[in-house]
Each structure stands twice: as structure tokens, then as C-alpha cells.
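I'd like to ask some things about the structure below.
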Amino acid sequence: MNPYAKLTFSLSLVLGTTITISSNHWMMAWTGLEINTLAIIPLISKHHHPRAIEAAIKYFLTQAAASTLLLFSSTINAWHTGQWDITQLSHPTASLLLTTAIAMKLGLVPFHFWFPEVLQGSPLTTAMLLSTVMKFPPITILLLTSHSLNPTLLTTMAIASAALGGWMGLNQTQIRKILAFSSISHLGWMTIILIYNPKLTLLTFYLYCFMTAAIFLTLNTTKSLKLSTMMTSWTKTPTLNASFMLTLLSLAGLPPLTGFLPKWLIIQELSKQEMTPATTIIAILSLLGLFFYLRLAYYSTITLPPNPTNHMKQWYVNKPANTLIATLITLSTLLLPMSPMILASI
């Protein structure tokens, strides 16, 4: 892709995200979401492979439908209340439509079908953007309207997302699909706590972004797309692979790594809200995710050659150390001791 075109699309992504997260008016938020959608589509389809084109079309159709629902929801609310302010969402039908629209934007169950397919057809860097940056504007809209949303509906969708993200990730061999189902599962954790403690949802999202970005950038460095490719990557970059394993375990939520912090705080907050059954169910469902993260960690570090694989070893040229990956891996694994400071800041 032409560097100028890539720069234009990247700046458009920044612009669209900034417009949405800083707007109070429904039309401005919708405009930002549309700019984001139009900017990411060329990045998804830049390889001109049939799977990439298919992913771009699926993404466009889903996001267009979600944007239409969001516009419909805001129009209904304005019709009944005379308010275009995002925080003044009070009509029940508008609230239901908005929840549906944002669930489609994020890939929450039962509107998750597009997300693994789109991630599988995208390059690793674009997949990283779809899993992190592109989820920020919809989550911001959810935060602004959290007081108006239906708690039962959100809790049901959250538990279903955690369950499906765990179950569907178990039998996958494509790493991007595994990370897509991991994203759906994490969105379940963010959604369940949204109404009771919105700041905790935001903290969970930030930490999830650190961990997911570290994983995608590591995979991009080792050029690993399938589990069979990961088996041969240990000999190329042993230090990076060891750090990659720790980041995966952090994403699974194991103490004493960073990923344990949001899960611990969410379980604590749900217990305070006397939601013991929901807390128990979502905590048990996180074990499904733990299984496939351990599987990835096993393939990346514990399965050493000369184990037989059907994959040809790739030519490797020693690259200079990447400071960004090192920073993200550090943040993804070592923030738990700083949890008192993090809690004081939120």
C-alpha cells in the first residue's frame, strides 16, 4: 500500500475515534464511527486476497447495519424527548436499539459471527487495530449511556459472550481466530460490570489493549499465523517467546500477572452488588479461556524441535530489538504490584 494512503487512513482512524469519544451529540458520535469504518476497510483489504476482500465486505455490512440502528435509536429518543444529547437516553425502545447496535459494533454475543471471520481475513497489524482501537468508540458510547441500559440484558449478553468465547476458542488452530474469541470473552467481562462501575470497564479495556497489542506485535515479528508455525518460532527468538508466554498467561488472568487485576476487581465488585450466581458462572467460564491460552503457551515455548511438524522452517534474519513490544510486554505482565496506585487513580 502507498505510504501516503496508509498515513491518510491512519489519521482518519485517529480523527474518527477522537470525534466519537469527545462528542455529546448523537450525530457527531455517528459521524466519528462512520469515519472509522471507512478508514479501516482499505487496511483490511490491502492484500487483495479473496479472504481479505470477503472480510472487508463482511465488516462493512455489519458496521453499516449497526450504524443504522444507532441512528434509528437516537432519532427515536430525540422524537420522544427532544434531546440529542448522548447522556439523555431515556426511551426504553431507543435504549434497547442502542444496546443492539453497540453489541454489533463490538462483536458481543449474539452479534459476534462477523468478528472471527473478519480477523482471520485481516493482516496481523489490522487485526490488532480491530481488536483494540476500533472497540474504543463503541465502549465510550456504552459508558456515556450506562445509566439508561437494561442490567438484565447486559448481564445475559456478558455471560453468553464469556461462555461462547471460551467454548469456540477450544478447537481452533488459527491464532487470529483464537484471539477473536478471546476478545469476545473479554468483552463479556467488560459488559457485566459496566452499569455498576463504568471506570472499572475502562480499566479492563485499557489493560486488555496492552496485552492484546503485545501479542499481535509479537506474532507479527515471528510471522506466526497458525499453531504449527508457532512450534518452530522458539529457536528464532527465545527471549521474545518466553515473554510471549507470560503475556498469554496474563491475558488468561493468572496471578501475579497484570491480567489478574481486572478479573479480581470485577469479581469483587459483582460480589458487593450481591450478584453471586453471575460472579460464579463468569469465573468458571474464564477457565475455558485459560485452557486455550495454556495451549498457545505450550505450542510457543514448551514444544521444542526436533518434534515433527509439517511446517517448513522459515528463513530468519536477526532483527533489532523492538522497544514498543518490550514496553507493552512489561505493562502486560508487571502491573499487579502497582494495583493500589491504579485503584487510587480510578
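The backbone N, Cα and C atoms fix where each Cβ goes, glycine too.
Heads up, TrEMBL stuff is auto-annotated, nobody curated it.
Relevant sequence annotations retrieved from TrEMBL are reproduced here:
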DOMAIN    23-287  domain 'NADH:quinone oxidoreductase/Mrp antiporter transmembrane'
DOMAIN    290-343  domain 'NADH dehydrogenase subunit 2 C-terminal'
TRANSMEM  56-76  transmembrane segment
TRANSMEM  96-115  transmembrane segment
TRANSMEM  152-171  transmembrane segment
TRANSMEM  178-196  transmembrane segment
TRANSMEM  202-219  transmembrane segment
TRANSMEM  240-261  transmembrane segment
TRANSMEM  281-300  transmembrane segment
TRANSMEM  321-343  transmembrane segment
Under 8 angstroms, Cβ to Cβ: which one of 96-115, 152-171, 240-261, 321-343 has the largest number of such pairs with the transmembrane segment (281-300)?
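Per the Cβ under 8 Å count, 152-171.
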Across the domain 'NADH dehydrogenase subunit 2 C-terminal' (290-343), what does the mean pLDDT come to, as a whole number?
77
